[in-house]
């Protein structure tokens, strides 16, 4: 069994994505907590591992890689079965998966960061323009899922797992997914087809409580 250390904040979408990919591959991860809310990522011992001080960061027997989508692909390529459906060898299938991963990073996750995740730093959501970009991103995803059960072809791939980690995060907030019926259907199907989904839900609940506690603390500060 490989020695895989994952430096992560378990409730964060990117960390949850890697937890699920590892589960799909039957891999055990040594989870190393990096609490970014307390600045753990800036400690010298972590910066020596990852000078960009981002999470998640994977250390595989001395080999270091960060950026969750790169980690996901690396794990499947190294530890998955030959021509794994999670990331097939076929260039066109792989290209579509890559496109969806880049869509998540540059469009969907980016939109959520600038609207929803702003609350962790400012105590407030983003402005209307930021919300419009969230709706636009979900609209694209809804189109990708038209007439199919997965985001990049006819089977579950790393693109589904990574994007499910992103999309499921809206459960922390009051966001109506019914406007995007294909996305809603896909998310509801996730427990049936996604390895590690129970762990994802546990981490989601921890994140929701963390957010509630954070909001309560900020409200108390305002009243004081």
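Quick reminder: no glycine exception, Cβ is built from N, Cα and C everywhere.
Database features (Swiss-Prot):
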type	residues	note
BINDING	53, 54, 55, 67, 68, 69	glutathione binding site
DOMAIN	2-83	domain 'GST N-terminal'
DOMAIN	90-210	domain 'GST C-terminal'
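What Swiss-Prot annotates, mapped onto the structure for a quick look.
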residue : record                   : Cβ within 10 Å
53      : glutathione binding site : 19
54      : glutathione binding site : 16
55      : glutathione binding site : 26
67      : glutathione binding site : 18
68      : glutathione binding site : 28
69      : glutathione binding site : 21
Query: Quick one: mean pLDDT on the domain 'GST C-terminal' (90-210)?
result: 95
- request: May I have the DSSP-based helix, strand and coil counts for the residues of the domain 'GST N-terminal' (2-83)?
  value: 35 helix, 17 strand, 30 coil
- request: On the DSSP side of things, how many residues of the domain 'GST C-terminal' (90-210) fall into helix, strand and coil, could you say?
  value: 91 helix, 2 strand, 28 coil
